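Feature annotations, courtesy of TrEMBL:
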type	residues	note
ACT_SITE	GLU417	active site, proton donor
BINDING	HIS28, HIS263, ARG358, SER385, HIS467, ASP475, HIS479, ARG526	substrate binding site
BINDING	HIS68, GLY116, PRO117, LEU118, GLY158, ASN187, HIS263, PHE443	thiamine diphosphate binding site
BINDING	ASP157, ASN187, ILE189	Mg(2+) binding site
DOMAIN	355-531	domain 'Transketolase-like pyrimidine-binding'
SITE	HIS28	site 'Important for catalytic activity'
SITE	HIS263	site 'Important for catalytic activity'
Amino acid sequence: MVHSVDQLAVDTIRVLAADMTRGANSGHPGAPMGCAPMANVLFTKYLNVNPKNTKFINRDRFVLSNGHGCALQYVLLHLLGFDVSMDDLKNFRQVGSKTPGHPEVTDTPGLEVTTGPLGQGISNAVGLAAAQEHFAATYNRPNYEIFDNYTYVILGDGCLQEGVALEAISLAGHWKLGKLICLYDSNKITIDGETNISFTENVRMRFEACGWHTTGVADGNNDQEAIGKAIEEAKAVKDKPSLIEISTTIGYGSLIENTSKAHGSPLTPDDIKQLKQKFGFNPEEKYVVPQTVYDLYNSRTLHGQEYEASWNTLFEKYSKEYPTEAAEIERRFAGDLPQGWEAALPRFTPSDPAVASRKASEIVLNAIAGTIPDFMSGSADLSSSNLVRWKSAAPFQHPSTGLGDYKGQYLFYGVREHGMFAVMNGFACYGGIIPIGSTFLNFLTYGWGSVRLSALSHLRVLYVMTHDSIGLGEDGPTHQPIETVALCRSTPNLLTFRPADANEVSGSYLVALNAHKRPSVLALSRQALPNLEGSSVESVSKGAYVLQDKPNAKVIITATGSEVSLAVEAAQVLNEQDIPTRVVSMPCTELYDEQPKEYKESVFTPGTPIVSVEALGVWGWERYAHAFVGMTDGQGSNIFGSSGPYKDLYKHFNITAEAVVKKAQDTIVHFEKLGYVPQLGVTI
């Protein structure tokens, strides 16, 4: 059978995807087989990347949003010469491989983002494209297009059914991101069957309503020329993102093509044999790439190297003419912070006025934003409540709106928590940006899928969550978080801060900004908090520290956030009763867990009863305390809050200094009768 080299490349991708999923005995062969033509056109004719330097700043970004088709991306990376070998393709979905079951940016060279949960990839891509526009507006100069890369996406029907995708798509249209081009694999199949059972809207009209340019390709199985023309048309549209609907057949060439069976299960050995015969391959051979296909992709690899070399020459000239800007670009993309930025962090004393920790956060941002230009901050329609916009932060908007420009560092995300978090991940993955996003803490779970991917992807992303407890008051239990902080604390690689006062807020930012590979959640109060004797910026890095102490303490009271001041009040009463009491502030349990045993025992002295205080659910505190004051029914079960002024709520739920005193007294008596104090946190 005679092939053109492009057709041979397409068919090679198809049979390789079939071999990989069969070899793993799991995976999704159908999407790679249907998407092979669009992927081949994109990767051999348009995508500007250098496989020998995956961190080339001005590379085009590619996102496979329908991550279940990841075999496609691994094959493409292999063909282009990224550090993905044929052995890696053979080890698809195996433990410790570079080719996991869904794309993970930490595992595979050449990936831009972690996808898999549908809708995340296209949403990340909006952040990637917005980042490019921001850097171009900030650093490009006449004759120096330092930032002009495109962001390309392949997405499918499943991606477009997710709510997060629509949130991000709407933002992309509003922001007029002309360098965002999406190739829509329109195969009309999902796992449950044909899309006519659940997804019958006109997708292109939806995108057009959101401000996108759209076009289509009728025969995505074969017409590579039409795909190329559609991409050229999209690139010519400068003020709108583009969607190219490409009609394809899932599992093209298979005996089960155009069925849901082709979506999520490997093809049978007999089906793979007939597939290879149909496409002119030896049915007895596996994992085969003809040399002419390698040559085709190698020519694009050489183009990418030349493309970067040309950019490097341009950047060298730019560096001589604009040395300050060039140095800042290099620093930012190295992930470093400006030298000495910590000196800008504000510090507070007990004589300073009490402020809500959300207000302290605003004070910190105003103090450091002039030193750190890396921030892109925003709120989900709660700017006046979240307070994450510093005074000089201009809005990020398309210049034609008259509302701002692409230099702006403040984003009005609208009521789109999940979209906001996913876009933030895109900002972080682009490089050079530290994204900050904010809403009420209780609505963190609206976008939890993206928060989890921040942690999995090792991204420096800051979630500044305000209204962190029943202390928000009258809005009631629909807005009062109970279980949210416990969820955060149980998530790997995520730092959760609940600072007790303004010093601890400064300290939380200090740690979060220096945590290059960890996202952070800052849980901040609505109500004013006193600045405490003994608090410090630096102590936050330990996770927990002795705030106030008495010799030979008979009880330790540990607390977080707004309840630390209650612990201090309770300790004063206990000390007056000749019950020496230590107060431990615990702004970040995860950091405390990472401390050496000697330090932990210096804070929580073995053999001393410990009482925890937190106006949230008590689950999780059994690792650190023997008794608990919190949002509980008294029998150990968490309970929801209620509406009312916050001081009344604290009394109603018995989270008061008096209640802490009583709990401490009862705990001491209990263990005196028991004759010993049990050790906490022992893993057997």
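Glycine residues also receive a Cβ, built from the backbone N, Cα and C atoms like all the rest.
Positions of the features from TrEMBL, shown on the structure.
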| residue | record | Cβ contacts under 8 Å, 6 or more apart |
| --- | --- | --- |
| HIS28 | substrate binding site | THR21, HIS68, GLY69, CYS70, ALA71, HIS263, GLY264 |
| ASP157 | Mg(2+) binding site | ASP185, SER186, ASN187, LYS188, ILE189, THR190, THR195, PHE199 |
| GLY158 | thiamine diphosphate binding site | ASN66, HIS68, LEU118, THR190 |
| ARG358 | substrate binding site | SER385, ASN386, LEU387, VAL464, THR466, HIS467, LEU524, SER525, ARG526 |
| GLU417 | active site, proton donor | ALA380, THR439, PHE443, LEU444, TYR446, GLY447 |
| ASP475 | substrate binding site | HIS467, SER643 |
| HIS479 | substrate binding site | PHE440, ASN442, HIS467, LEU472 |
Worksheet item: What residues, ordered by sequence, lie under 8 A Cβ-to-Cβ from GLY116 (thiamine diphosphate binding site) and sit at least six positions away in the same chain?
Response: GLY67, HIS68, CYS70, GLY101, HIS102, PRO103, GLU104
Practice prompt. Report the largest Cα to Cα distance, in Å and rounded to a whole number, among the residues HIS28, HIS263, ARG358, SER385, HIS467, ASP475, HIS479, ARG526 that the record lists as binding substrate.
Written response: 48
Worksheet entry | Neighbour-count leader, CB within 10 A, binding-site residues: HIS68, HIS467 | HIS467
Worksheet, complete the sentence: CB contacts under 8 angstroms to PRO117 (thiamine diphosphate binding site), restricted to the same chain and 6+ apart in sequence, sorted by sequence, are GLY67, GLY449, LEU453
Discussion item. Applying a 10 Å Cβ distance cut-off over all chains shown, what neighbour count does ILE189 (Mg(2+) binding site) have?
Written reply: 27
Worksheet entry | Protein Cβ atoms within 10 Å of ARG526 (substrate binding site), excluding its own | 20
Worksheet item: If you count Cβ atoms within 10 Å of each one, which of the binding-site residues ASN187, SER385 comes out on top?
Response: ASN187
Discussion item. Other residues near the Mg(2+) site, CB within 8 A of the CB centroid of ASP157, ASN187, ILE189?
Written reply: GLY156, GLY158, ASP185, SER186, LYS188, THR190, GLU194, THR195, THR248, ILE250, HIS263
Discussion item. Among all protein chains shown, how many Cβ atoms are found within 10 Å of the Cβ of PHE443 (thiamine diphosphate binding site), not counting that one?
Written reply: 19
